[in-house]
Amino acid sequence: DFLPEPCFPGFKLPPAVGSSAAHLSLRQLAKTLAMGQGLAGLICGTAITSQFLASNFHVNTPMLQSFLNYLLLTVTYTTMLLCRTGDGNFLQILKRRWWKYLLLGLVDVEANYTVVKAYQYTTITSIQLLDCFVIPVLMGLSWWILKARYRLIHSVAVCICLLGVGAMVGADLLAGRDQGSTSNILLGDGLVLLSASLYAVSNVCQEYTVKNLSRVEFLGMVGLFGTIISTIQMTAVRCLCTVYVCSVQLHAYSDKAKQRHLRQPLPAHR
């Protein structure tokens with residue numbers, strides 16, 4: 001994979017060159033596996049802490065959790081973009097592709113929001129298993145957008161994945177029927193499937209951007225627009241909650257006033 005084929009028949013690479021290429025390939029494979037396992041461990045830690053906060057402390061802050069991630073990306077990578085000079089600087093990127101990163105940031109924010117929100121309604125096991133729905137959606141989008149092609153074994157694996165998703169939803173339905181909370185579990189499973197679909201869109205756009213543009217640009221712009229969208233959404237949700245609480249309090253106060261008025265004795269007629 002790292003060395004071109006020889007132009008002359010019968011030509012053989014020296015043993016030292018072949019061994020160094022094999023060593024480089026193994027080292028790159030080990031690095032990729034290590035990075036993938038580290039990422040899986042971090043995602044698992046996020047899932048456990050989100051479930052722990054939602055179940056033990058009743059702390060449901062999906063948008064705040066996403067906001068902190070995007071804020072860190074903004075501080076790190078958007079700052080690097082601001083320090084760029086030349087044709088690929090921050091202002092040139094905004095002029096050319098701002099609306100694309102706005103849509104991508106919206107998709108990524110809602111994907112994070114829905115998966116964290118799902119912990120309020122279903123279990124961590126269901127979320128982690130249903131999250132594999134991202135694989136068939138990602139393969140379909142890669143085939144359509146990135147022109148990727150897959151073998152028969154990949155199609156068989158996707159069918160098995162879809163069967164597992166259906167079995168997991170059915171198991172959740174049976175468990176929820178026994179506990180009397182079928183609607184909440186269905187809502188949680190639906191949020192996970194929606195999040196997986198949005199993650200697939202975000203991952204395809206990420207692969208395209210990283211391969212054709214740069215990793216710093218992708219992370220910096222997604223972090224910037226993700227921070228803006230998260231802030232707007234948090235503010236809107238907080239205002240709606242404040243209005244709802246005030247309306248409930250006013251309704252309760254009016255009910256108490258009516259009850260006091262009904263309890264007062266009528267004046268006697270002379």
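Any Cβ shown, glycine's included, is placed from N, Cα and C.
Summarising the annotation, TrEMBL assigns transmembrane segment to 33-55 (among others). Cβ atoms under 8 Å from those of the transmembrane segment (33-55) belong to residues 61, 65, 116, 119-120, 123-124, 127-128 of the same chain, restricted to positions at least 6 beyond its ends.
The feature transmembrane segment is assigned by TrEMBL to 67-86 (among others). For the transmembrane segment (67-86), the list of distant contacts is 93, 109, 112, 216-217, 219-224, 226-227, 230-231, 234: same-chain residues at least six beyond its ends, Cβ to Cβ under 8 Å.
Per TrEMBL, transmembrane segment is recorded for 127-146 (among others).
Only residues 6 or more beyond the boundaries of the transmembrane segment (153-173), in the same chain, are considered here, and those with a CB under 8 A from a CB of the stretch are 122, 126, 129-130, 132-133, 135-136, 139, 182, 185-186, 188-189, 193. Look at TrEMBL and you will find 153-173 (among others) tagged as transmembrane segment.
Residues or ranges marked as transmembrane segment in TrEMBL: 185-204 (among others).
The feature transmembrane segment is assigned by TrEMBL to 216-236 (among others).
Within the same chain, residues 104, 107-108, 110-112, 114-115, 117-122, 126-127, 130-134, 137-138, 141-142, 145-146, 165, 168-169, 172-173, 175-176 sit at least 6 positions outside the transmembrane segment (185-204) and bring their C-beta atoms closer than 8 Å to a C-beta of that stretch.
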